[in-house]
Amino acid sequence: MQIAERLMSLSLIRTVLLTAFSFCLAARSLSTSVHLQAQAKSKKTLAKSGVKNVVLVDGVRTPFLLSGTTYADLMPHDLARAALQGLLKRTGLPKDAVDYIVYGTVIQEVKTSNVAREAALGAGFSDKTPAHTVTMACISSNQAMTTAVGLIAAGQCDAVVAGGVEFMSDVPIRHSRKMRKTMLSLNKAKTLGARLSLQNCEKIAIALLVFFIIVVETIFHTLFLLIQLADCCLNFKCGDVIVTGRDIVSKDNGIRPATMEQMAKLKPAFIKPHGTVTAANSSFLTDGASAVLIMSEEKALAMGYKPKAYLRDFVYVSQDPKDQLLLGPTYATPKVLEKSGLTLNDIDVFEFHEAFAGQIMANLKAMESDWFGQTYMGRKTKVGAPPMEKFNTWGGSLSLGHPFAATGCRLVTTVAHRLQKEGGQYGLVAACAAGGQGHAMVIEAYPQ
Ligand SMILES: *[C@@H]1O[C@H](CO)[C@@H](O)[C@H](O)[C@H]1NC(C)=O
């Protein structure tokens, strides 16, 4: 779209935004009144003597979009930056109050090896705030958050921003090693003669193509940044979701209500024609980013924040990736409960990452099986499965989408919000990850 045309449409968009904004305010006051009615059960706290209390101050995410849709022309750090800016706006945090930034990502963009730093600078954080990127498949932002917890508990930092971004609209397309070698040597040859002697027609054509793509991409990206600047003033927040991008995006777009009959007609997604996994029971390829502000309780209170939750015990587990690939939650759940001195019955809110419906079913089945507990986990009896009425009640990765490295922060923020709304005391996050790994964390409601 032309800039002039865009500017003309700004006033219209502004009107729409103002309407949406007042709607949000109304919705918020509604939800506040629900909060007040909810009564927290008074149970023991999980505070440990000699260990700092670490709190979740707040969390945000961008809308989760099907990859290849409205975010398709962004860069991953643009999306991450939008989440960080959303967090800054939501919390009113002074940008230089942050000691450290940790961000997760799984599929790395080829030119961005440390997306945390790129996004942090773009979002306007102080250039004196260090930032690093972590990766651990679908639990990458869990890893970012627990890194933050560790830095704070060890007394090294007071305020850390953690998050994750996944951008499946532009995955690096890999060539064979032979092709890569050819491209590189073509690039290194000094003279035209040397270049010509290196190549045949095909190689030159590929080099030209690569050059063309790089030039076009650079021009497009620069233009796009300009357009984005014009849009900066339009970014605003609504509920858990922040708005970003060239077009105004305020809603997830992957949610597909469907009847059982419609779902039964779907063709297998991976193994044709006999596979059983379809689009209805797999999480879809998603673009999205999330961010949370984690602080020591003292610092948060000193800065005048009302934290949402305490981040308590957490565990990482790993199993044989061949037979037990996505069973992380089955192993991690009893381990973290034991660490916290809690049982399954003490947990009011469960948020499990859903990679596939089949993966969740397999975990629930394993958790309900004495045989599995005895044979694989060295237990006397089964783990026990979470009751469904407490489980992923605000939607999960299957319906909302699963931007790999952004999901962990969504789970933790959702637990904190559900504890507030439902008046529960403890929540449990669990997630599986490629490579046979898994994670779980106990979250405690902050006294209202
Ligand atoms: C996936 O959903 C299809 C219907 O779309 C169903 O027939 C199939 O049994 C389900 N498979 C798994 C593994 O969840």
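Using N, Cα and C of the backbone, Cβ positions are placed for all residues, glycine too.
If you look up TrEMBL, you'll see Cys138 marked as active site, acyl-thioester intermediate. TrEMBL lists His402, Cys432 with the feature active site, proton acceptor. Annotation source TrEMBL lists domain 'Thiolase N-terminal' at 54-185, 245-298. If you look up TrEMBL, you'll see 305-444 marked as domain 'Thiolase C-terminal'. Under the heading signal peptide, TrEMBL lists 1-26. According to TrEMBL, the transmembrane segment annotation covers 204-227.
Each residue contributes its Cα atom, and for Cys138 (active site, acyl-thioester intermediate) and His402 (active site, proton acceptor) those atoms are 9 Å apart. In the three-state DSSP reading, Cys432 (active site, proton acceptor) counts as strand.
Spacing of Cys432 (active site, proton acceptor) relative to His402 (active site, proton acceptor) is 12 Å (Cα to Cα, whole number). Under a cutoff of 8 A between CB atoms, and with a sequence separation of 6+ in the same chain, the neighbours of His402 (active site, proton acceptor) are Phe64, Cys138, Ser283, Phe284, Thr286, His353, Glu354, Ala355. In the three-state DSSP scheme, His402 (active site, proton acceptor) is classed as coil. In the predicted structure, the domain 'Thiolase N-terminal' (245-298) carries a mean pLDDT of 90.
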